[in-house]
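Q: Structure below; questions to follow.
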Amino acid sequence: MTSATDKSIDRLVVNAKTRRRNSSVGKIDLGDTVPGFAAMPESAASKNEAKKRMKALTGDSKKDSDLLWKVWFSYREMNYRHSWLTPFFILVCVYSAYFLSGNRTESNPLHMFVAISYQVDGTDSYAKGIKDLSFVFFYMIFFTFLREFLMDVVIRPFTVYLNVTSEHRQKRMLEQMYAIFYCGVSGPFGLYIMYHSDLWLFKTKPMYRTYPDITNPFLFKIFYLGQAAFWAQQACVLVLQLEKPRKDYKELVFHHIVTLLLIWSSYVFHFTKMGLAIYITMDVSDFFLSLSKTLNYLNSVFTPFVFGLFVFFWIYLRHVVNIRILWSVLTEFRHEGNYVLNFATQQYKCWISLPIVFVLIAALQLVNLYWLFLILRILYRLIWQGIQKDERSDSDSDESAENEESKEKCE
């Protein structure tokens, strides 16, 4: 069994030392992927701070206060090396307090953080309210833990097993393999919810026919708020600018702003069916993007094939489906379901919301079109020139970064 596994891995992997230097499918940085803390490059300042902490830890303790400082520095050093520790402690404390209390109802103050709120009595449907923000905030912490833990404890050892020796390339793989995991779960989850709704295969008329969708089923609400937490957590990392900005940093920021506005407005103003479809288009296409990049890092012979699949799903989901949704806003928005402004009954599908919905989705489409142009350029070079180069990423310096890394090791 072990030899069979090794042979299958050998088909995917060629030693990193013999990897072709002109390939950069793995360097395509599209708008939905933001690096985790584990994949951040270590700056000179952070290295100096680490040296100071280690020096403080090795010094003699003359007073009790020195011992306390050592404990604090020890924790900081551990947290710096394993950034999932702090969110892990927070999650353990909250979950333990919640489950040990024996009160799993909404009367428990911790319920709004751990579980979704506003269940409609006697049904599987849930309304919306301010407590949903607490759920999103708590699961932002959860996704911070999940991302850093998987990268540090699961994915990094796997990259070492695959003989990825370059630290720079290893960090790139951490990002993409986590994206494969997340999108590999969220994409099918979203499709499952869509299959059990009237939206299957991205039908547009049901998006408006049952409006307003003031309540949502259990799984639907978990998926929607979970996605909101995931995107909000990514936005926080992006705002902190913990890594060198990519060439398309402005487009990346714009993409996240538009996405967060779409998430908030679609949830508050009851356009969640439309939001579900857009979530799925992004997750499924991102899965194939990250898969093609990971295979490219491994110098796999399957890279061109998977990259071709990625291009197909990107065009179909992010352009064909999204443009169909845009067209439905112009043609079906007014005629399917109620079309009236009534604050008392939470009816917001009216002449005011129509242009807002259209502009937000169109803005997202413009960013995707810009990225499509760059993707097609890469595809053209891959087919006609055998070069897989991406000018829009921050990876112009990828090889130089690896060279600098080699020099540091030699020194």
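Easy rule for this one: first residue shown is 1, then count along the chain.
Note that Cβ sites are derived from N, Cα and C of the backbone, with glycine treated the same way.
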Q: With Swiss-Prot open, pick whichever of Asn22, Asn103 is annotated N-linked glycosylation site.
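A: Candidates were Asn22, Asn103; Swiss-Prot attaches N-linked glycosylation site to Asn103.
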Q: So that I know how the record lays things out, could you check whether Gln176 and Leu201 fall in the same topological domain in Swiss-Prot, i.e. on the same side of the membrane?
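A: According to Swiss-Prot, Leu201 sits on the opposite side from Gln176.
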Q: So which residues does the transmembrane segment (212-232) touch in its own chain, when a touch means Cβ under 8 Å and the partner is 6 or more beyond its ends?
A: 116, 120, 123-128, 132, 135-140, 142-143, 182, 186, 189-190, 192-193, 197, 256, 259-260, 263-264, 267, 269-273, 275-276, 279, 338, 345-349
Q: Mind checking which residues reach the topological domain 'Lumenal' (103-134)? Cβ under 8 Å, same chain, six or more beyond either end.
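A: Beyond its ends, the topological domain 'Lumenal' (103-134) has Cβ neighbours at 94-95, 97, 214-218, 221-222, 225, 267-268.
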